[in-house]
Amino acid sequence: MKRTNMGETTDTETRSGSDELIFFVNGKKVVERNADPEMTLLTYLRRKLGLTGTKLGCAEGGCGACTVMLSRYQAHNQQLHHYAVNACLAPLCSLHLAAVTTVEGIGSVARKLHPVQERMAKAHGSQCGFCTPGIVMSMYALLRNNPTPKMSDVQEAFQGNLCRCTGYRPILEGYRSFTMEGGCCGGRGQDGSCCQTNGTRAETDADEATPLFNAADFMPFDPTQEVIFPPELMSLIKSLKPRSLHFHGDRVLWLQPSSLEELVRLKWKHPDARLVVGNTEVGIEVKFKNMLYPVVLAPAWVPELSSVTHGDKGITFGAACSLSCIEAVLTEAVGTLPRHQTEVFTAVLEQLRWFAGQQIRNVAAIGGNIMTASPISDLNPVFMAAGCKLTLMDKDGSRVVPMDNRFFTGYRKTVVRPQEILLSIEIPYSKETQFVSAYKQSPRREDDISIVTAAMSVTFTPGTNVVEDLRLSYGGMAPITVLAKQTADRLLGRCWGEELLQEACSSLAEEMSLDPAAPGGMVAYRRVLTLSLFYKFYLTVQQKLSRQGIRVEGIRSDCLSAVETYHPEPPSSVQVYQAVPEGQMRDDVVGRPMMHLSALKQATGEAVYCDDMPLFENELYLSLITSRRAHARIISIDASEAERLPGVVCCLFVEDIPGSNATGPIEYDETIFADGLVTCVGHIIGAVVADTQLLAQRAAKAVRIQYEDLQPVVTIQEAIAAQSFYQPIRTLQRGDLEAGFKQAHSILEGEIHIGGQEHFYLETNVTLAVPRGEDGEMELFVSTQSASKTQSLVAKALGVPANRVVVRVKRMGGGFGGKESRTTVLSTVVAVAADKLKRPVRCMLDRDEDMLITGGRHPFYGKYKVGFMDSGKIVALDISLYSNCGNSKDLSQSIMERALFHMENSYSVPNIRGTGFMCYTNLPSNTAFRGFGGPQGMMVVESCISDVAQSLGRPAEEVRRLNLYAQGESTPYNQILEEFTLDRCWDECLSRSGYQQRRAAISLYNRQNRWTKRGLAIVPTKFGISFTSTFLNQAGALVHIYTDGSVLLTHGGTEMGQGLHTKMVQIASRVLGIPSSKIHISETNTNTVPNTSPTAASASSDLNGAAVQNACQILVKRLEPYKASNPKGSWEDWVNAAYFDRVSLSANGFYRTPDLGYDFDSNSGRVFNYFSYGAACTEVEIDCLTGAHKNLSTTIVMDVGNSLNPAIDIGQVEGAFMQGLGLFTLEELHYSPEGVLLTRGPGSYKIPAFGDIPAQLTVSLLRDAPNHKAIYASKAVGEPPLFLASSVFYAIKDAVSAAREESGIRGAFRLDSPASAERIRNACIDQFTRKCPAAEPGTFKPWSVQV
């Protein structure tokens, strides 16, 4: 017998002594009698309740794909509280008496859409759609709390959400319509236009259509119509007396006390128990650090731990108060109290602005932040500098300890005793003569882990500038948060002035030293930051003192910008495209901004991705066993412990493969399972198959492998030294290099390293294999761009012909090239397991596994020697390219060839040679990624152009324009440039961006500001369209017309968010002459269209579109006699007439790109079908003291021919640009010297976020530029725009040049990509960098190496 919360007795079967967990999901009551403390809300929603709209993107609260809304009724103040949370971190057991709302609960396509869902879709804010439900729920939670938010509230709500496809602009644009600034005017805007066009109608031509959607079409938003809090739950909460809960799992006991007395008693009994409120730290430790905490104490219901008390000395917060709660309380205090009392509060709020994302701040407790004792905590330095007091308690009583230099005793250790709990923290009011500031420097501004944090507090003798008390606290400079005590003591009693500043900097440089091999790397940068941030504090205090009337040394006006606090501007944007010709039929949707066909389903969570498929009966789950060594022989494998674990069915190794272990997309130089030798960390050795994902993953970690280590090759430089290259070494040459260098007035040599890039598709690799029980048949559901390659490699592994294997692809949650060839490393393993066990087997990689195993964009190292005239005209160029390929060849040869084909970018160089070396290294094989080597090749020549301009002292845009190609010129591979539009793109970009006015304004700004500098750059691109492997330039299509007139369309391309299916339907609609609503695409399937090329190379619309056109034309021809005999009949009449006349209503279409084929040896033949052109101009502002930068403005002009769908094409331009912005300014993969990937998730690897988009973004599709080489005069758009983001990189380099000039340094300098905050700061050489010189390479072992 057991008592339930309702007070009744039941005989319910529960785990021994567990309570019932009661909560509501989308208004329906859920009673869980066996709640597992180790289960997250996300797993429960997806696996137990079948609510798959909520997605798994990272499992660490860093991407927002799993966002749901929690609602709680607080009986003590009778208030409802709605907030967004990460379901991937929320423990199921924490949800007692909560209401959960998922994306399915607010609307559906079948029932009724919620305005948040509809506007997301209709504003073209959903491409692959995997991140869409999370973004929808973040916005929904915001509106539940604030029905008329400001645009800044919307931006803040999205700090914890990532999107890899859209470039964010359309999402913000659609949701602007909910804000106070952006409610739609209903077409009563300027000149009768829609307000959503941002008033840009005046500057565009009459036949240029600007809005991509009409906000007047949106259904109205009525906040009174929202789903109510479940009345049953409310009465349940009101009627219940507080009582403690306990939930028993297999390994963990969850105890939820209801009183402080009970909590301290339990902590005394279980001193090693962890206190969990938001699970934002413990969840990560359990998932990624293999920690196990057998007892968890959940103190959320203890009133004292959630209380807020305003006292005489400050505000005291209970340790379980969430960061959002603290933010709200302190914001109110700052608004009501005298300013001098709120200096500490303002500093805390400044740190909270950039602390994680909204979803984390809503649940993370202040006590957890302190007790985690992270050395890079954002808040602990403030608490230390302010002298906050902590109240600790155990069963014998309480004690108060100050947060000073004695509180942290070692890495993640504090003075708190095991039996004690942290009860509260008192944040003090500041004194009248006290000034406090806090700083945080991280790779990305939003939702990022700090590199260095600092908080500084100074108190002056009243009426003077004499220092009475000084505290300088730093995070990221030691294993603990530290106070710079020696420096502070030296400055006591000193006047706040230049002399104090000099002494402080010298002292800090000495005191804040770091071992060159310190974890986290960036040692010189971190040391410089300690000085730079103090200097910012020094200027800020000077300013405040002078405002108080205290005499201080004059502050130079050119230094003022150094102390400005960053406040993001609400982004504004313009999109320009050519309207369809007058007279185009209304049903003809080609050229119109038609919404992505799946957008509405994606916004409601109804779109089905591979892992959303319901579980098959008898289905099992697979987890991979991977190598922990970069290069080693396998001595032994012991799987006995794993096989004994509950739920484990079997372990698989190389001997279990029925067919061939050899695999690879082109050459079979890889293995499915390692056979005696591992050649990278992440090399797949085996797999465990178990009943559930958790059990399989637990067992995989229990497999013991012994290695004999061999010497690894990790970096390009190591490969060059060891001559570790794949063959062939490619050379592309034209002209007479020697004569060119003799002719040149000057010769310059330079080099640049371009870092790799992780694809970070939101949906990781996933395969579900279902054996069909006879003849070796197997059906696979895979998230892949290459269905046919998956089919052939699975068949090879199973030892069956390809006709026994069917591969089905509904859609992908992003691909970007990462799912072109590397998906097969997982699919083959899963298929082997399913074949052996004759049961369905599923595996979706966790984010950290996916990043570790599947490789990314190739890092490149480029060396160049350039000969040029005094005018800037380049006459000779010799380039060597080295790519880091990893442990197999994969697609590296084609990638290097494309890099060589793009080595001159858009410039006519008469004498040129490029040599490409593919480096074999012991890293996971790198692979295709949007641009496919092109961006790396172009980046090297742009670096060269930039160096030429700097060495001549000429404007870079002048040198670029002088060297641009002209119509009819030929490339180094002897292809004549026809239908050349680059000059038009360039000129339009200059005029739309107001380049000359901007250049003049920047010049003035830079003269007036010492510590912030602005830069400007315009960069062109020329991108060749076609697979460079000629045989891949083919496509097939299959079109069925059914007797009711509906059409089923299948083609060889896959949908990964790029809108390919939408464009194919548009094409079929035009050819068949029927509305697009009659046409449906279900999936891509190897048994409908065989032998397909991968969906890649930007060519899918060209190839598949022409194949669809071919099939539809065949059908139209067959229907012609029936149309002729019944001209007034309907489509259905003609179809039925043909059917009854026994005419086939099914047709295969096929297309091959004509006249392609190139030979490297003779440098002859046609490489590309045509070129896509574009230009982009970007203005940035850098902070010379920290290296942070702001993207102020970007103007893009892109030639996409006659756009098939301007909304999709502009989405592709913006998405590619943002991905390029990540590549060139933000995203850094860190590897240890032993070849271990250190950046394995969104916590450590930063893709661009909402706040990284340019404050002003203009995208213009070039008008009147038909392309006669592709379907309906369109052009490819997926990859070409990516390189335009290098305009951000070169604008940064321009700004850095201005900063260097201030220090008297002129001329060319090396800036590697990405232009991270570290690289920017280190390049801005000044008095602070000189005090912190970097250690000599070779004198220490670095934390990470440049691969």
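Glycine is no exception: its Cβ is also placed from the backbone N, Cα and C atoms.
Annotation source TrEMBL lists active site, proton acceptor at Glu1279. Counting every protein chain shown, the number of other Cβ atoms lying within 10 Å of the Cβ of Glu1279 (active site, proton acceptor) is 29.
Annotation for Cys63 ([2Fe-2S] cluster 1 binding site): spatial neighbours Gly57, Cys131, Gly134, Asn161, Leu162, Leu762, Arg847, Pro1242, criterion Cβ-Cβ under 8 Å with sequence separation of six or more. Under the heading [2Fe-2S] cluster 1 binding site, TrEMBL lists Cys58, Cys63, Cys66, Cys88.
Summarising the annotation, TrEMBL assigns [2Fe-2S] cluster 2 binding site to Cys128, Cys131, Cys163, Cys165. Other Cβ atoms within 10 Å of the Cβ of Cys131 ([2Fe-2S] cluster 2 binding site), summed over all protein chains shown, number 30.
The annotation FAD binding site is assigned in TrEMBL to Leu275, Val276, Val277, Gly278, Asn279, Thr280, Glu281, Val282, Phe355, Asp378, Leu422, Lys440.
Residues or ranges marked as Mo-molybdopterin binding site in TrEMBL: Gln785, Phe816, Arg930, Ala1097.
Taking a C-beta cut-off of under 8 Å and a sequence gap of six or more, Thr1028 (substrate binding site) has these contacts in its own chain: Ser894, Glu897, Arg898, Phe901, Tyr1158, Val1167. Annotation source TrEMBL lists substrate binding site at Glu820, Arg898, Phe932, Thr1028.
Among the features that TrEMBL reports, domain '2Fe-2S ferredoxin-type' is placed at 19-106.
Feature annotation from TrEMBL assigns domain 'FAD-binding PCMH-type' to 247-432.
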Review point. In the domain '2Fe-2S ferredoxin-type' (19-106), how many residues does DSSP put in helix, strand and coil?
Key: 15 helix, 31 strand, 42 coil
Exercise for review: State which of the following binding-site residues has the fewest other Cβ atoms within 10 Å around its Cβ: Glu281, Glu820.
Suggested key: Glu281
Check your understanding: So how far apart do the substrate binders Glu820, Arg898, Phe932, Thr1028 get, largest Cα to Cα in Å?
Key -> 16
Check your understanding: So around the [2Fe-2S] cluster 1 site, Cys58, Cys63, Cys66, Cys88 aside, which residues have their CB within 8 A of the centroid of those CB atoms?
Key -> Leu42, Lys55, Leu56, Gly57, Ala59, Glu60, Gly61, Gly62, Gly64, Ala65, Asn86, Ala87, Gly134, Arg847, Pro1242
Practice item. Taking Cα atoms as reference points, rank the recorded positions Cys66, Cys128, Leu275, Leu422, Glu1279 by distance from Gln785 (Mo-molybdopterin binding site) and give the first. Key: Cys128
Review point. Could you tell me the C-alpha distance between Cys165 ([2Fe-2S] cluster 2 binding site) and Asn279 (FAD binding site) in angstrom, no decimals?
Key: 29
Review point. Taking the mean position of the Cβ atoms of Cys128, Cys131, Cys163, Cys165 as the [2Fe-2S] cluster 2 site, which residues outside that list, in the same chain, have a Cβ no more than 8 Å away, listed in sequence order?
Key: Ser126, Gln127, Gly129, Phe130, Thr132, Arg164, Thr166, Leu762, Gly813, Gly814, Gly1057
Revision key, fill the gap. For the binding-site residues listed (Cys128, Leu422), most other Cβ atoms within 10 Å of the Cβ sits at Cys128
Check your understanding: In this predicted model, what is the average pLDDT of the domain '2Fe-2S ferredoxin-type' (19-106)?
Key -> 96
Check your understanding: Rounded to a whole number, how many Å is the Cα of Arg930 (Mo-molybdopterin binding site) away from the Cα of Phe355 (FAD binding site)?
Key -> 31
Practice item. Specify all same-chain residues, apart from the site residues Gln785, Phe816, Arg930, Ala1097, whose Cβ lies within 8 angstroms of the center of the Cβ atoms of the Mo-molybdopterin site, ordered by sequence. Key: Gly815, Gly817, Gly818, Glu820, Ala928, Phe929, Phe932, Met1056, Thr1095, Ala1096, Ser1098, Gly1278, Glu1279
